[in-house]
Amino acid sequence: MKKTALWKDIFREIWQTKARFFSIFAIIALGVGFFSGIKATGPNMLDTANHYYQTHHLMDLKVQSTYGLSEKEMDFLKGLPEVKAVEGMYTADLLMKEANATAKVYGYESKATLNQYEIVEGRLPEKSGEIALDDTKIMAKHYQIGDTLSLESGDEAKQPIADALKTTTYQVVGFVNSPQFIENMNRGNSSIGNGTTSAFLVVPNEDFNLPVYTEAYLTFNDTANLAAYTKAYDQKVTAHQTFIEEQIEQIGKERLDSLKVEAEEQIQTNEQQLEEGKKALADAKTQIEAANEQLVAGQAQYEQGKNTFEAGIATGDQQIKEQAQLLTQKEQELATNQQTVEAGQARLNEGQAALDQTKAENLPKIEQGQALLTQLDQLLALPLDQVSAAQQQQAIQLGAAYSPDLGNLLMGYFNGLMTQAEARQTVQGIQANLAANAQQFDTAQNELNTQQQVLENGRAQLAQGTQMLTDGKVQLAAARQELATQKQAGLASLETAKAELADATAQYQTGLAQYEAEKATGEAKLQEGEQKLSEAKKQVASMALPKYYVFDRSIQPGYLEFNDNADRITSLSTAFPVFFFLIAALVSLTTMTRMVEEQRLQIGTLKALGYGNGDILKKFLVYASVASIAASVVGLLVGFNLFPTVIFNAYSTLYNLPSVRIHYYASYAILSLLVALICTTATVFVTVRVELRANAASLMRPKAPKSGQRILLERIGFIWNRLSFAQKVTARNLFRYKQRMFMTILGVAGCTALILTGFGLRDSIGDVAPLQFGKVMQYQLAVGLNDQATNDEKTDYEQLITKHQDITGTLKVAQEKVKTTKKNGKIQDVTLFVPETAKDLKQFVALENRKTGKPIKIEENGAVITEKLAKMYQVKVGDKLKIVDTNNEEYNIPITGITENYVQHYLYLTPETYQTIFGQQPTYNTELLTYSKENKEWEDQLGESLLQQPYVVGTHFISQLSGALDDTMSSMNIVIMVLIVSAAALAFVVLYNLTNINVSERVRELSTIKVLGFYDSEVTAYIYRENILLSVFGIIFGLIMGIGLHRFVLTTAEVDIAMFSPVIRWWSYLLASALTLLFTLIVMWVMHFKLKKIDMIEALKAVE
Amino acid sequence: MSFIQMKDVYKRYKMGETTIVANDGIDFQVNKGEFVVIVGPSGAGKSTVLNILGGMDTADEGQVLVDHVDIAQFTKKELTGYRRNDVGFVFQFYNLVPNLTAKENVELASQISPRALDAVEVLKDVGLGERLGNFPAQLSGGEQQRVAIARALAKQPKLLLCDEPTGALDYNTGKQVLKLLQDTCRETGTTVIVITHNSAIAPMADRVIEINNAKVRKMSENPNPVSVESIEW
């Protein structure tokens, strides 16, 4: 049996009542979507984070030590049970010059598997000198790929950058995210700069110059498949953490020993070096002295040389001069000699000439005489007889010619006067005379000749002398030349020597200067070295065991906070969407009920036609099911995608996680589908079943119109009579449709409550930061102090603080972490807070009752605890709270006051009480400061100068803390906006639906008044007066409901360590009311057009 | 000069593909103070005439002169004003506001009308002086229709239009209602137009207009209308 007509009717019904179908659809879709979406958001957020951690192999634990991590520790870690991977990491805190900010530099090795970076842009460093940067706005502002980044040490004197890095300038090659830093802003604290790390940087391992790793990362096999943020994961990791903490201490001793040995070796080397340095210095001294001596000797030598040279030259000169003189003398002498010779010659020549003349004159006479004489002799020799008188005459003539004497002689002889012999003798005598005369000539000649010879000798001698002189002159010239050359050469070499000497002097001077300088620094260094050495010795002596720190992921900025945020969304999803869904369900229930009522006649007709109850029911069940299933599907699809995405994106300003991973949770899908079906299909089923009990005839008869009724108000004459006619009509109408009135009020109230809760949450969460850091914590800076610091260091610090004029107050405080005992499976961390002078505390921390604002004093015999802690442990004033210190000793502390506080748990004690309870003096490890300046630059400067103090271990600026909280709040704002927008959408649909029902139920009445001549606006006003009134009731009721819902959501959304301010601001009430009213008005405006279109003729024709 | 003149009035309804002509050149006049009965079978176009005349519907063509004003040219708002001030309606199913008492139902009309009579007086006039505070559900059909008439009369309309006023009433009650309408016409001089498919009541009218198949088939003036009591059907 086909019932096609029935099916046609079902689908035509849907088509014809599009508006109603759609409104049910919309409301269910909204409810389902919101419920499933919000429910899925928290798990999706955590899953997204976990997936990110797992794909990037985020470490489970991080180990650090006060001495870094050597192979010893690494070997130990590698040998741990269940350990999957252990990797060492070099890190260094350094300053970025260009950005003027502090960075934590990480080593990178391509084969490293843990904490892998996510490349946002560019690439990771591949070779020395390359760097990848943290993908943050600050970094992007200062650097681009290709830029140069320079690093410097925070304190070059104490920690030279070369100790950490080989290279200090890098080329930017990429921007990356790290699973260690899912937060956008926070990079943790630093011991340099202003105390806050701004970014992480990644450089190749080869650029590091560290002897040991600074951090070690571990993952474990048994946690590899566990999702982060789950209990199972946390338990496993905590177990490993505890195990390592317990076991690694053994390594500590060994490490210390080896460190000591190393240090001693180092000291020895240093000592040696020092000695060497000393020796070098001494050597240098000796050298310089030797140099000096040499120089002096050189100088002397030079002087001597110079003297010798000069003397030599002088002697040479002198000699030459003498020689010259001598030569001149000789020359003169020679000239004189020459003259003498010449004169001699001349005389000789004269003599010769005279001789020659005499000779010439006499010789022939002599010879004639001779010859005559000879002849005479010969004639004389003959006896006289023999000699003819001719001959005689001749001989007498001849003789007489020769000399009259001779002639006389001869005449005498021939005349015989004289004997022959006598004559002869006389002749012979004459002849001998003559020969003697001739001989005389020869002698003279001889003498002349001898003289000539002498002269010749003299001349030869002269020539020789001249020759010699010439030679002497030549020699002299040569000597002169030689001397000049020698002098020049001597001078030149002297000059060279001088120059060399000057050079040597200069060299010596520089050497000396250098030496002096080196000596100064060297001595200083030596001194320093000695000091260092002695310090090092002392240090080695006092070297403590290495302290090991085993951190789980919670140390990572944002890691836990992200969980908190996800949890917050999850806890929001417990109350908010349920309430939301309830309203949706309620309204769809009303709509379906109305539908059944409208279809009464048709139910009767179908029944009359003989259709069974099942068939009749089918129509409504199909209608409702189609609407709710289609709506659920759409709602689930949209909800599962939209809400996690929107909320996650809201958090993306805080976290640099990849986009959200959408999951479809069958549990939420089934749950919401079931509720949707119950609200629509089940409602229809019940309502139709009720109707079906009646018989066909009565069903076909119009249901007797609901009678008008006098309302209670009419009996209160003085009010009723004062009402205008329209108001009376409105008043009575309100009570006539009680169900609709109830639904409208509830719907509007629900929406108002949702919106108010949204705004209220924003107030409460937004108030936390200003309340905690403005009202409660009134100090501006907490300075962590090193209790091991020396007195000098402390004094330095105190002076710095006193000098700062802007610092208006200081208070030393002892802070200590203790724990509470277990409550509801959880242990709370409590900060023991002991001000040095309790009466000064109020300037720094306001202790007061939140409700009354009455100040609370820390009593002598007990503690003041914070409100949330008191609430969690249900402690009242006069009760005792049990706390456990780090040595696991329990103390019962009487509570004398409960103070307003919003973040973390504190337990305030006076020093005296502390002493009484713990039996020791509190250690003041923190100083709280207040100051009059408000700007960040000033704070940065202050932070920087404080961190340079050895007494200071850290700075915590309230402005930074509250800034971080503000960020969380602003992302929370977006989440709340999502809630508000959803609530608003719901409000709109609910109001539209209810108004729609109202109008369709009363279309006949509305047509009547239209026919009676009511203008459009009057018709609208006629019906809207009720709506506005109901809305107002709804809003008032909703505000009350909202307060409750807000409180409920707050308590579920609250994390253990925080208390939200339960106060909703007045303007949130106003805004929630105004928004609801606005939606009411928008709906009315839309409905106004619908009302205008009502066909009065059709409406009036029909039988009701 | 006639008080009401319908001149060549056409009204067509589009029902999907087909066009239904409800009034096909309707043409008639009514004088002031007349008691007019429009008769004709179901679907003849009577109600359309009445709706146009009452300003609840508009003519596609032709003139509808009421007191020398062509209401066919009125805007929606003017029509509402016309309904408010000049026309009183009585429907087959009374159309009382169920949440208002008899008196309040009358007030609903009287409070928006400038020439309105006192609601209580009008109700007394229609014989419901005792039932002022009753809700419609507490009244019989005749009484409800009387409340409806009172509501229509309270504003002293120029024109009282009644669409099958007795359709949902029993014989006697129907007669009483017709009597009330006739008396009103006679006593107040209000022009009354009654639509009915019951031609038996035609003799009580001053003027009878027969409409059939969207046209006026016959219009006759009755110089001697009889009292409704004398008519039997």
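Glycine residues also receive a Cβ, built from the backbone N, Cα and C atoms like all the rest.
According to TrEMBL, the protein carries these features:
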type	residues	note
COILED	A:253-301	coiled coil
COILED	A:512-539	coiled coil
DOMAIN	A:575-687	domain 'ABC3 transporter permease C-terminal'
DOMAIN	A:978-1094	domain 'ABC3 transporter permease C-terminal'
TRANSMEM	A:21-38	transmembrane segment
TRANSMEM	A:572-592	transmembrane segment
TRANSMEM	A:620-642	transmembrane segment
TRANSMEM	A:662-688	transmembrane segment
TRANSMEM	A:741-761	transmembrane segment
TRANSMEM	A:974-994	transmembrane segment
TRANSMEM	A:1028-1046	transmembrane segment
TRANSMEM	A:1066-1087	transmembrane segment
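Only sequence-distant pairs (6 or more apart) were considered; of these, fewer than three Cβ pairs between the transmembrane segment (A:741-761) and the transmembrane segment (A:620-642) are under 8 A, so the stretches are not in contact.
Residue counts for the domain 'ABC3 transporter permease C-terminal' (A:978-1094) under DSSP, helix first, then strand, then coil, are 98 helix, 1 strand, 18 coil. Contact between the transmembrane segment (A:21-38) and the transmembrane segment (A:1066-1087) is not supported: fewer than 3 Cβ pairs lie under 8 Å, counting only residues 6 or more apart in sequence. Remote same-chain residues near the transmembrane segment (A:1028-1046) are listed as 575-576, 579, 730, 734, 741, 744-757, 760-761, 764, 991, 1062, 1064, 1069, 1072-1073, 1076-1077, 1080, 1084 (criterion: CB distance under 8 Å, separation of at least six residues from the stretch ends). Counting residue by residue with DSSP, the domain 'ABC3 transporter permease C-terminal' (A:575-687) contains 95 helix, 1 strand, 17 coil. Taken together, the residues of the coiled coil (A:512-539) have an average pLDDT of 79.
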